[in-house]
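Feature annotations, courtesy of TrEMBL:
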type     : residues : note
DOMAIN   : 16-149   : domain 'EamA'
DOMAIN   : 180-299  : domain 'EamA'
TRANSMEM : 12-31    : transmembrane segment
TRANSMEM : 43-62    : transmembrane segment
TRANSMEM : 68-87    : transmembrane segment
TRANSMEM : 94-121   : transmembrane segment
TRANSMEM : 133-153  : transmembrane segment
TRANSMEM : 177-197  : transmembrane segment
TRANSMEM : 209-230  : transmembrane segment
TRANSMEM : 242-262  : transmembrane segment
TRANSMEM : 274-294  : transmembrane segment
Amino acid sequence: MWTMMGISEGLGPPVAMVLLEVIYSGMFILSKMALVDGLSIRVFVVYRQAVATLVLAPAAYFSSSCSLTWKSFWWIFLSAFVGATMNQNLALEGLYLASASVTCATSNLIPAITFVLSYFVGLEKLDFRSPRSYGKIIGTVVCITGAMVMDFLRGSKLLNAATASPILVGPVGERDWIVGCVCMIAYVFCWPIWLILQVPIIKCHPNHISASAWTCAFSVLQSAVVALVIDRDSRAWILKPNIELAACIYTGVFATGVAFFVQSWSISIKGPAYSAMFNPLSTVIVTIIESLFLQEALYIGRYNTVLKFMQLKLELQQANKVGRAVCFRAVWLVELL
């Protein structure tokens, strides 16, 4: 496939992951615009999961070689509730109350939290006599602390201090900002839990595409119940034929359907750590687009954090290669202030 496009096989995975981060960047910005336009968060989740189900269902039907047992049913149902229903509602709430770039940057906590939770459930081992283990621990602490500083201590404005884009203006109060950050912190705990739940799911239902399709389908039902309980106004279910409809289709088709294929293919070749290494790229893309084209205020803390997250990721990768502890560069936290 990549040879036909003039790209060597060795460049295939990095090109695919860069394109995936571009897709995620578009997802964050389109979602923010749709929410500001008036689209209900709960209804948005229902429609997005419904579109994703329609995308994955045909592939799951033709590739499925195992039936859904009661055991796999309950595991997938729980996975859908944590990883799709709760996860997306919290992420969109945080996106609406904070900003798209903060949502991207906070998502960089997911590898660190996944590592911590995996250790406590016995999926990750630590040898305290190994410098590599100390590198993982230090990198995790610095990663979590850096994201917290970015969320709660924005610093002074660097760009667009007196302007705001009308298509991105939601709640702007400090209280709304804090609530949005809390939602994002809850979100980054839901996603690692979902990742860990995939271990028992794969054991009882080894077809990954089928499990993903069932997850989306169950999430449609769960999210619909949440939406019907919270959003009593029937008019909330009517999509405007503008950015709202575009956001539902884009996030369902590309940010779920295409993204699932790209992630699975890349992980099968390079492994999950390789895919996670590209996470900061969407933060950079969204921050640049918001600041230059959508007049979103750029804070000094956010600017420094983008650079330091990239630096931290590179240091973590280097630590894994040479078996050394991550360099003690916690001094970058001071620069955020």
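FYI, residue positions are counted from 1 along the chain as it appears here.
Just so it is clear, glycine is given a Cβ too, placed from its N, Cα and C backbone atoms.
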Where, among 12-31, 68-87, 209-230, 242-262, do we find the most CB pairs under 8 A to the transmembrane segment (43-62)? 209-230
Quick tally over 68-87, 209-230, 242-262 of CB pairs under 8 Å to the transmembrane segment (12-31) gives the top stretch as 242-262
Given 177-197, 209-230, 242-262, the one sharing the most C-beta pairs under 8 Å with the transmembrane segment (68-87) is 209-230
Tertiary contacts of the transmembrane segment (209-230), defined by C-beta under 8 angstroms and 6+ residue spacing from its ends, are 40, 42-43, 45-46, 49-50, 52-53, 56-57, 59-60, 63-64, 66, 68, 72, 76-77, 79-81, 83-85, 88-89, 198, 201-202, 236-237, 256, 260
